[in-house]
Amino acid sequence: MLQRLHQKLCGRTAVFTRMYSSKETMEVKLDPLKRLCKIMMSCPKLGLGTELDQSGIRVSPEMVEDVLKRFENAGMLAYRFFEWAGKQHNYEHSTRAYHSMIGSLAKIRQYQMMWDLVNEMKTKGMLNIETFCIIMRKYARAQKVEEAVYTFNIMNKFDVPPNLAAFNGLLSALCKSKNVGKAQEIFNSKKNEFTPDSKTYSILIEGWGRVPNLPKAREIYRELIEVGCNPDIVTYGIMVDILCKAGRVDEAVEIVKEMEFSGCRATSFIYSVLVHTYGLENRIEDAIDTFLEMEKNGVEADVAVYNSLISAFCKVNKFQNAYRVLNDMQQNGVIPNARTCNIILSGLIARGETEDAFKVFRRMLRICDPDADTYTMMIKMFCEKNEMNMARKVWKYMKRKQFVPSMHTFSALINGLCDDADVSGACVLMEEMIEKGMRPGRMTFEKLRKLLRKEEREDVLEFLQEKINLMVREPLSD
């Protein structure tokens, strides 16, 4: 039995080792972008600038934008690269690079540094409406509602007068963070200053749907029509989505009929919502019929519709049907994405079919790039099965693909290492996580704290705590 287990693990390991070849190594050496990412991934901390200088790489705006996008989850590491790039000869940061960096800093709540960049952009005359919309979104997502509103109110001081796009941006930021009451209050007070359009009303309708408050969503929908703003395809799509989430899929179908009567053709998004909802309600036949109706009406299925149908089959544990849909979408030229993979993986893992989950993961590696959720699920799965060797293999593969792990991915492996009593490995990862500007979750840090105290390593605990204290002094996230 032990021999068979060893063969299984060796077979799995071979999957990862085959992924790398001398050709790939040569590509890293020749491709400046890959070389930059490799230096960043090595996490040289305070020596990053020196290593980048020694690389001799000459950066371009496109290259910097790409690196910042890849390292958006590693705020402080990205910022050190941003600072270094800004000092290079014949290089100037683009507006896109500034926006990317502002978003990354806001994500780790380094708001003072974020505003320093805004002031820097002002001196260069680079500020625009989108700059402030990004900041409003980030504040709202962090539930800093007053700060989001303040950002809108001070736009004039930065010589960027707020317009309808900025107004819609503020309302959208508030609604998406479930602060639709505040959004409605601002809308009521300023709708005479900024003449609302169908997008404005659609934002509020969607906001009330998120709460959820279906009567209020219907009220805003009626107001939209009363003021002479005809619903567009986006508005109809939002209403269908809201009704479906409220469990009123048959009423949503009536909206689709009303929409088609008014000359609006249902989109693949609307069909994906209907298929997904039928799947949630275990109405698999209705899900299939809706998919076939979409094809009959000449609407091309996109990856979202296919994902909805796959999800419907997974919900009722018909995985063979889900695999057939997966094959069908590829034959029709629709490339599966990470979401496709995650839907199937989640269903298989929930049923305890981890061997099949690993097979799907291997298959998807050849088709699309995994995302943070994919890696987190696989690492967590192996940790829970106490297959730490495989969890580490997935982690190493992820790092070699130059994918920056999210806070949840770090936490999954750190928790697994703690459960395995690998205090050294857990501490190394915790330090790396903090160095990348990510604050550890409360439960994860508490688990490591207990292990360190059990090992009588108060010195290491104090070291990690001090590193956390150097970050923004806010409570640990959950």
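Yeah, the Cβs are placed from backbone N, Cα and C, and that goes for glycine too.
Sequence-remote contacts of a segment are chain residues at least 6 beyond its ends whose Cβ falls under 8 Å from one of its Cβ atoms, and for the repeat 'PPR' (128-162) they are 95, 98-99, 102-103, 106-107, 109, 111, 114, 118, 121-122, 169-170, 172-174, 176-177, 179, 182, 186, 194. According to TrEMBL, the feature repeat 'PPR' maps to 128-162 (among others).
Counting residues 6+ beyond its ends, the repeat 'PPR' (197-231) has Cβ neighbours under 8 Å at 164, 167-168, 171-172, 174-176, 178, 180, 183-184, 187, 191, 238-239, 241-243, 245-246, 248, 259, 262, 264 in the same chain. Residues or ranges marked as repeat 'PPR' in TrEMBL: 197-231 (among others).
Mean pLDDT across the repeat 'PPR' (232-266) comes to 92 in this model. Residues or ranges marked as repeat 'PPR' in TrEMBL: 232-266 (among others).
Applying DSSP to the repeat 'PPR' (267-301) sorts its residues as follows: 26 helix, 0 strand, 9 coil. Residues or ranges marked as repeat 'PPR' by TrEMBL: 267-301 (among others).
Remote same-chain residues near the repeat 'PPR' (302-336) are listed as 268-269, 271-273, 275-276, 278-280, 282, 284, 287-288, 291, 294, 343-344, 346-348, 351, 356, 364, 367-368 (criterion: CB distance under 8 Å, separation of at least six residues from the stretch ends). Per TrEMBL, repeat 'PPR' is recorded for 302-336 (among others).
Feature annotation from TrEMBL assigns repeat 'PPR' to 337-367 (among others).
TrEMBL lists 371-405 (among others) with the feature repeat 'PPR'. Note on the repeat 'PPR' (371-405): DSSP counts are 26 helix, 0 strand, 9 coil.
The annotation repeat 'PPR' is assigned in TrEMBL to 406-440 (among others).
Counting residues 6+ beyond its ends, the repeat 'PPR' (406-440) has Cβ neighbours under 8 Å at 43, 45, 73-79, 108, 110, 372-373, 375-376, 379-380, 382-384, 386, 388, 391-392, 395, 398, 447-448, 451-452, 455, 457, 460, 464, 467-468, 471, 474, 476-477 in the same chain. When DSSP labels each residue, the repeat 'PPR' (406-440) comes out as 26 helix, 0 strand, 9 coil, counted as helix, strand and coil in that order. Away from its own ends, the repeat 'PPR' (337-367) comes close to residues 12, 15, 19, 303, 306-307, 310-311, 314-315, 317, 319, 322, 326, 329-330, 373-374, 377-378, 381, 385 of its chain (Cβ-Cβ under 8 Å, at least six residues beyond either end).
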